[in-house]
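Taken verbatim from TrEMBL:
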type: DOMAIN; residues: 47-296; note: domain 'G-protein coupled receptors family 1 profile'
type: TRANSMEM; residues: 31-54; note: transmembrane segment
type: TRANSMEM; residues: 66-88; note: transmembrane segment
type: TRANSMEM; residues: 108-126; note: transmembrane segment
type: TRANSMEM; residues: 146-164; note: transmembrane segment
type: TRANSMEM; residues: 204-227; note: transmembrane segment
type: TRANSMEM; residues: 248-267; note: transmembrane segment
type: TRANSMEM; residues: 279-298; note: transmembrane segment
Amino acid sequence: MRSQTADPKNGSTVTDFILVGFEQSSPSTRALLFTLFLALYSLAMAMNGLIIFITWTDPRLNSPMYFFLGHLSFLDVCFITTTIPQMLVHLVTKNHTVSFVSCMTQMYLVFLVGVAECILLAFMAYDRYVAICHPLNYTQIMSQKVCVRLVCSSWIFGMVNGIFLEYISFRNPFCKDNHIENFFCEAPIVIALSCGDLKFTMKLIFVDAIVVLLSPMVLIITSYARILASILRRASSSSHRKTFSTCASHLTVVIFLYTSAMFSYMNPRSTHGPDKDKSFSLLYTIIMPMCNPVIYSFRNKEMKGAMGRALGRGSLA
């Protein structure tokens with residue numbers, strides 16, 4: 001199915017896009033990918049759903065850290081739901097067409113949730129810094145009101161930034177090929193299909209990525225650097241190992257998420273390719289939401305205990 005494309009002279013516009021995704025793969029490969037991604041999606045939904053349930057219902061997990069963890073898992077659920085179900089459908093059907101409005105909506109949701117998660121990760125790093133470096137003032141600094149404001153600000157910033165990115169992505173008409181070399185509507189690929197001054201648009205994307213990605217990353221690195229400096233001054237080797245382990249796991253999430261996002265939104269398009277784009281897209285759309293519960297929660301004794309109690313209640317019921 002070939003959609004109508006735009007002609008700069010008469011002003012007609014694209015009516016839909018075609019997501020190439022894994023279209024070139026053989027039927028057996030697509031069946032294997034469908035099984036794999038369905039399993040990963042189900043696992044990510046189950047793990048994040050469990051964390052949301054226990055952090056919002058278990059009274060023993062009422063600290064700011066678990067409040068943020070619950071919202072991180074909620075963002076992960078939203079993020080994978082915006083892209084993966086559509087990819088699964090396209091793996092088993094021949095029609096890979098998405099409407100112009102659907103593409104815009106998906107891009108906005110990816111912008112919103114992705115930016116909100118980047119901001120939230122920075123707030124979580126700051127929370128750990130206050131808890132470890134200023135334990136006596138922790139409850140006063142990270143009060144419930146402050147935590148709610150921080151979470152709300154991450155969502156609001158994601159919404160506002162999403163509107164800005166959506167505007168600069170679709171401000172030009174589309175007059176080129178309507179095939180998107182990915183399994184979802186990723187902004188840099190969609191923008192490359194539009195007419196007008198693409199260099200200016202990509203510069204705006206680049207500047208926005210500096211604000212959204214590098215600024216939180218500076219806060220995260222600064223927070224963990226001060227945490228490590230603080231624990232190195234302590235004598236207990238066991239606390240060294242425990243805190244180093246926690247910091248290393250949290251930094252692993254940050255490195256993978258920010259590296260994949262920077263490749264997609266801060267790299268020149270000449271260095272991209274369909275295989276690279278899909279690999280990095282898979283990393284931050286399904287691998288990271290699946291790994292976050294393992295890295296942030298399942299290695300935590302209090303979380304393990306809460307999960308045991310929740311599963312125990314479920315088995316009794």
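Glycine is treated like the rest: Cβ placed from N, Cα and C.
For the domain 'G-protein coupled receptors family 1 profile' (47-296), the model gives a mean pLDDT of 84. Same-chain residues lying 6 or more positions outside the transmembrane segment (66-88) and placing a CB less than 8 Å from one of its CB atoms are 19, 21, 34, 37-38, 41, 44-45, 47-49, 51-52, 55-56, 98, 106, 109-110, 113-114, 116-117, 120-121, 123-124, 127, 144, 147, 150-151, 183-184, 281, 285-286, 288-289, 292-293, 296-297, 302-303.
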